[in-house]
Amino acid sequence: MEGCEITWSLGRHLETNPLSAGNKITTSKYTLINFQPKNLFIQFHQVAYIYFLAIATLNQLPPLVVFGRTVSLFPLLFILTVTAIKDGYEDWRRHRSDRNENNKESLVTIPCDMVLMWISDPSGIAYIQTMNLDGESNLKTRYARQETSLMPLGSISGMKNTKWVIGVVVYAGQETKAMLNSAISPSKRSRLEQAMNSETIWLSVFLFILCLVVAIGMCLWLMSHQDAIDTIPYYRKSYLIKGKFPGKPYKYYGIPMEMFFAFLSSVIVFQIMIPISLYITMELVRLGQSYFMIEDKHMYDSSTNSRFQCRSLSINEDLGQICYVFSDKTGTLTENKMELRKASILTRVYILCVYLISSILPQTMTID
């Protein structure tokens, strides 16, 4: 560092690097530009939605029209719209939380990945607390660069057991090590939805077999009536309207194509085997469940004056379905308060009170 001049600027705003990502952190999933395509892509991860889209597409073809073309599109569009509104509302809450957090005026010890240049400690040691990252309460030691640790500087407020620290910001915001190591939030699907996807696949296989049987029956029937097709009202090559011949022939495509059309028409007719109303009903039920959970008086914490918060409306049914919890109890995400209630010693289960174990074990009730 000899012969190198270093300029420090304290308490004065300087022009920042325009290529830097800044200190802004975003946890939302959508933006105004990518909301529609990304939301549709996520929604069509459900097998049933792909099935209903295929049914609506088939019903648009002239030889296969069974229901009104617009009517066949309405149920799918309705459920996609309702789900999009729900997902948009959830992501709007994330945007609001991000905006409040990014605009909050606060004093953070180290809000970035930085290189320590100068510290108040004569030995150049800084003590950092990483409880919010790994749950460990012991202080970590970090050392300042020897080349700059003896340079005379003014003082600023600082860290744990350290009066002040000077450093050079290397990465901030989305470029910090903590954000780069954090995984992208997946689109969560409840176990009920996963089971429904599996059942939808099996129902689709059964529907395929059923429609194949209908198509084969159609083929056998046409083969047995091949000589009389012109006299059959539906299949004759020209038909009458009010006793007059309009000159509009019926398009008879032959037995193979008629068999194929019969298969596709059967798919449209039997589509009710996979009810589309089930999915919109589930979305409305989840919305009602979230309201009752938020308003539940038993879920209110008087010590913090906080209620239950339902941050996702797509996994309500997974609540209470956890059988085992393995935790090292770091206290990062839970309250650092533990009371031993039960212990298993040599295949015997001891129910314990809130007193010390040593004074309670002789008086415990044993369950064989």
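Placement of Cβ uses the backbone N, Cα and C atoms for every residue, glycine included.
Marked as domain 'P-type ATPase N-terminal' by TrEMBL: 22-71.
Marked as transmembrane segment by TrEMBL: 40-58 (among others).
Residues 35-36, 39-40, 43, 49, 52-53, 55-56, 58, 261, 264-265, 268-269, 276-277, 279-280, 283-284 of the same chain sit 6 or more residues outside the transmembrane segment (64-85) yet have a Cβ under 8 Å from a Cβ within it. The transmembrane segment annotation in TrEMBL covers 64-85 (among others).
The transmembrane segment annotation in TrEMBL covers 201-223 (among others).
Summarising the annotation, TrEMBL assigns transmembrane segment to 259-280 (among others). Remote same-chain partners of the transmembrane segment (259-280), defined as residues 6 or more beyond its termini with a Cβ less than 8 Å from a stretch Cβ, comprise 46, 48-49, 51-52, 55, 58-59, 61, 63-64, 66-67, 72, 75-76, 78-79, 82, 196, 200, 203-204, 206-207, 210-212, 214-216, 218-219, 222, 253.
The annotation transmembrane segment is assigned in TrEMBL to 345-365 (among others).
For the domain 'P-type ATPase N-terminal' (22-71), the DSSP counts in helix, strand and coil order read 27 helix, 0 strand, 23 coil.
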